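According to TrEMBL, the protein carries these features:
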type: DISULFID; residues: Cys41-Cys118; note: disulfide bond
type: BINDING; residues: Asp73, Val76, Gly78, Asp80, Ser82, Glu92; note: Ca(2+) 1 binding site
type: DISULFID; residues: Cys74-Cys79; note: disulfide bond
type: DISULFID; residues: Cys124-Cys331; note: disulfide bond
type: BINDING; residues: Pro165; note: substrate binding site
type: BINDING; residues: Thr197, Asp248, Asp256; note: Ca(2+) 2 binding site
type: DISULFID; residues: Cys203-Cys235; note: disulfide bond
Amino acid sequence: MMKNKPIALVLLVLLIFIHNTSGSSQDDQGQLQVGFYAKTCPDAEAIIHEVVRRAVVADPRNAAILLRLHFHDCFVEGCDGSILINNDLDGELKAAGNAGVTGFDIIEDAKARLESACPAVVSCADIVALAARDAVSLSNGPFYQVPTGRRDGRISKMSLAADLPDVDDSIEVQKSKFKQKGLSHKDLVLLSGGAHTIGVTACFFMQNRLYNFASRGGSDPAIHPLFLPELKAKCPLNGDVNVRIALDRTSQFIFDDQILYNIRSGFAVIASDARLNDDHDTRQVLNSYIGGSKGSNKTGPSFKEDFTAAMVNMGKIDVKTGSKGEIRRVCSAVN
Ligand code: HEM
């Protein structure tokens, strides 16, 4: 018995090897993987990065725009570039929940460059995911590896976007909408609260919070008394609802954890962020990051690291891989 042990071990290793290699071609087709374009379009990520870098240098607001675009893509029909389709009168882009979503020209610019470098290889869905990553890192946020290999969807319908999270959703509804997408309440805090460290909101989304909270006519009691007049001055009753104000009042263009402190202390700008402090579970998540990078709790989890893990989770929502979907020639229309 003892004498045969090394042979048995070698056989076992060989078997595992054969099993893994024979399965890998299938897996490669069916799963996202980091470096998916390494052989087919080696410069893909560099090309996208350069387009995003130029866009953010030209206008720093583009970083937030691209980050939001990825979220709105993933939450309707999965991360399949369906939000980019613009040839349909009742496409998902026309849904109320997608109001203000832009950044399409930047994605289309990257797509055009990729088509000349390696035609029909890189999906629009992957461009959106990689552009969001680059937007975060160019805003002083963390850089992370994005598993790629998404294919583009062919369906874009306004009705499918009815379930997008809404700024006035209760925390229960927010949690349930994230759960439906396979995301936890921790992902909710990291993604929703976390992403709002950059970017702006139109005063349109502040109306209920400031002047008709819970349809009762007043303001959200969660707003700090010192912050309420500031918000009201920026978004006056019957004022221009298209005026935009920073979601993180102290550092609109910098990806940092200040937003978490704001939310904890009544300085959240939009109602959905404020709700993260109302609930036991989500408040615990907020608390776990507060202090972590600012002194007292040095051993706590890292907001930036966990944010990137949550982004990777979001980027996996209902992806189309392998033989599903297509690689669009242009991002604004199906082939
Ligand atoms: C409960 C979930 C969420 C709600 C209700 C929500 C709501 C909003 C609203 C109302 C705005 C202002 C939009 C405008 O005025 O055009 C906004 C902006 C933004 N959202 Fe969210 N959001 C949520 C989750 C997320 C997630 C998961 C991400 C990304 C991971 C994200 C990224 C952004 C960014 C970056 C902006 C700024 C966009 C800009 O400056 O143009 N949001 N969000």
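A Cβ is built for glycine as well, from the same backbone N, Cα and C atoms used for every other residue.
Structure with TrEMBL features highlighted.
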residue	record	CB count, 10 Å
Asp73	Ca(2+) 1 binding site	30
Cys74	disulfide bond	29
Val76	Ca(2+) 1 binding site	27
Gly78	Ca(2+) 1 binding site	20
Asp80	Ca(2+) 1 binding site	29
Ser82	Ca(2+) 1 binding site	28
Cys118	disulfide bond	15
Cys203	disulfide bond	18
Cys235	disulfide bond	24
Asp248	Ca(2+) 2 binding site	28
Packing count at Cys79 (disulfide bond) (other Cβ atoms within 10 Å of its Cβ): 28
Who sits close to Thr197 (Ca(2+) 2 binding site): which same-chain residues at least 6 apart have their Cβ under 8 Å from its Cβ? Gly141, Leu247, Asp248, Ser251, Ile254, Phe255, Asp256, Asp257, Gln258, Ile259
Reported as an integer number of Å, what is the Cα distance between Asp80 (Ca(2+) 1 binding site) and Cys331 (disulfide bond)? 11
Cα distance, Pro165 (substrate binding site) to Cys203 (disulfide bond), nearest Å? 18
For the Ca(2+) 2 site given as Thr197, Asp248, Asp256, which other residues of the same chain have their Cβ within 8 Å of the site's Cβ centre? His196, Ile198, Thr250, Ser251, Gln252, Ile254, Phe255, Asp257, Gln258, Ile259
Among Gly78, Ser82, Glu92, Pro165, which are recorded as binding-site residues, the nearest neighbour of Cys331 (disulfide bond) by Cα: Ser82
Which of Glu92, Asp256, all binding-site residues, has a Cβ with the fewest other Cβ atoms inside 10 Å: Asp256
Of the binding-site residues Gly78, Asp80, Pro165, Asp256, which ones put their CB under 6 Å from ligand 1? Pro165
Which entry in the list of disulfide-bonded residues, Cys41, Cys124, Cys331, has its Cβ near the fewest other Cβ atoms, using 10 Å as the limit? Cys41
Shortest C-alpha distance to Asp73 (Ca(2+) 1 binding site) - which of the recorded positions Cys41, Cys124, Pro165, Cys235: Cys124
Write down the Cα-Cα distance for Cys235 (disulfide bond) and Cys79 (disulfide bond), rounded and given in Å. 33
Of the disulfide-bonded residues Cys41, Cys118, Cys124, Cys235, which one sits closest to Gly78 (Ca(2+) 1 binding site) when you measure Cα to Cα? Cys124
Measuring Cα to Cα, how far is Glu92 (Ca(2+) 1 binding site) from Cys74 (disulfide bond) in Å? 12
Cα of Cys235 (disulfide bond) to Cα of Val76 (Ca(2+) 1 binding site): how many Å, rounded? 30
